[in-house]
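Asks: Let me give you the structure first, and then I'll get to my questions.
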C-alpha cells in the first residue's frame, strides 16, 4: 500500500508520548498506528521502525525524534516519540516538536518513576496544555487494588505539578497486546479508548492565523521617497495595509502604521502567518527600528528583562561548554533574530550547572525583549550555541 493520503479537512493536532524509560512509550506509539491502520487511519509501524529515530537539528542542538502520523474520525495527528531521556528534555525545551498535548505513559507494574516526574514537570514548564495518561502493562499486575493505587499515585503526581489530576483521563491497558493483536479487552479496544480520550480532552490549538499579528524584524531598509521597509517572516496573525502596529523590544515601544506590504516584489493588501514580507512603516526612520525587535498588533505583547526559564545545557560532545557555570554567568540569549546579553541567577540549592544538565534559572537581560511565556531561545557564547531554553514565567 502506498502512502495514505491524509485529508486536510480535519483539525490538526501535534502530540507526543512522554514518560519513564521502558514504560512503553514507543510500543504505545506502534500500537496506535497498528490499531488505527485497521480502519485506514494510519500506516502500521512496528517498534523497530519508530525506535530508529533520525537525528534532527533544532537551535543548533541535535535531537533524535521519530515522527508518525495518523488520524481518528475527528482529527489528524502528528505524533513524536523520542528514544532517549535526553532527547525528550532537548525536544521539549527547544520546542523542536511543538506539542499541543501529550500522552503520559506509565507502567502499572512500576508506578511513577523519576522520569515520569521530570517529564510532567517539563510539560508544565514548557507549557504543554493538556495530558492524557496511558497506564501500561496492566497484564503484569494481577491485583486490582494495586492498579487503583498506581492510578491514585499518578493523579496526585499530576496535581502536584498543577495539572488537573482528578479530571485527566487515565486509560489502563497493554500496548504490547495491541501490537501483537491479542487480548483486545486490554489491547486494541483500550487503544481506541485512549484515542477517544485524546480527541476529547486535548484541546484543538489556535491556528497561527487566528493569533494576534507578530513579525520578528530581520532587516531594515530605507527606500527613498517611500520610507522605511522592515523585512521578516510573519510568525502569527495577519497584518493589513493601513493598520496600526507597534514596534516592541530593545527600545521604548513605538506606534506606527503599516502603509504597504510586499512579497516577491508584488504589493499585497495583507501579509499573513508564514509569509516572508516587507512592511512599509509610516513616519519611522531607518534608525528607529532594528533586528531583534518585533512588529505586532498593539498591546498584544510587551517587552521584558527579567524572566524564569527552563534550560538545557549542551554537553562537550554536543559542541557545548567543557566546564560548569555558576550564578552570575553572562552569556548571550538569542531570541528570534538577535542576541541579548543576560545574567543568570541559579536556584538557591543549585551551586553550579554542568554540561548536559537541564535547569530552572532566572535571567535578567540588559535590553528588554518582546516576550510571552513559552518563548524559545538559544544560549550562546561568541556565536556558538551552548544551550537552549524556554521562558516559563515572566517576572518583570
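Including glycine, each Cβ sits where the backbone N, Cα and C put it.
Remember, predicted model here, so these are calculated numbers, not experimental data.
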Asks: Check each of the ranges 132-135, 136-139, 140-143 against Swiss-Prot and return the one annotated as region 'G4'.
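Replies: Here Swiss-Prot associates region 'G4' with the stretch 136-139.
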Asks: Please identify the range among 50-54, 55-59, 60-64 that Swiss-Prot labels region 'G2'.
Replies: 60-64
Asks: For which of the residue intervals 73-76, 77-80, 81-84, 85-88 does Swiss-Prot record region 'G3'?
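Replies: Spelled out, Swiss-Prot records region 'G3' over residues 81-84, not the other listed ranges.
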Asks: Please report, as numbers and ranges, the same-chain residues at least 6 past the borders of the region 'G4' (136-139) whose CB is under 8 Å from any CB of it.
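Replies: The answer is 23-24, 27-28, 105-109, 147, 172-177, 183, 186.
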Asks: When a 10 Å sphere is centred on the Cβ of residue 82 (GTP binding site), how many other Cβ atoms does it contain?
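Replies: Here the count is 24.
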Asks: Indicate the candidate from 25, 85 with the smallest number of other Cβ atoms within 10 Å of its Cβ, considering only these binding-site residues.
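Replies: Each of the binding-site residues 25, 85 was scored; lowest Cβ tally within 10 Å is 85.
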Asks: Have a look around residue 138 (GTP binding site) and count the other CB atoms within 10 A of its CB, chains all included.
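Replies: Around the Cβ of residue 138 (GTP binding site), 20 other Cβ atoms lie within 10 Å.
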Asks: Mind checking how the region 'G1' (19-26) divides into helix, strand and coil residues in DSSP?
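Replies: Tallying H, G and I as helix, E and B as strand, the rest coil: 2 helix, 1 strand, 5 coil.
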Asks: Should residue 85 (GTP binding site) be counted as helix, strand, or coil on the basis of DSSP?
Replies: helix
Asks: Secondary structure at residue 138 (GTP binding site) (DSSP, helix/strand/coil)?
Replies: helix
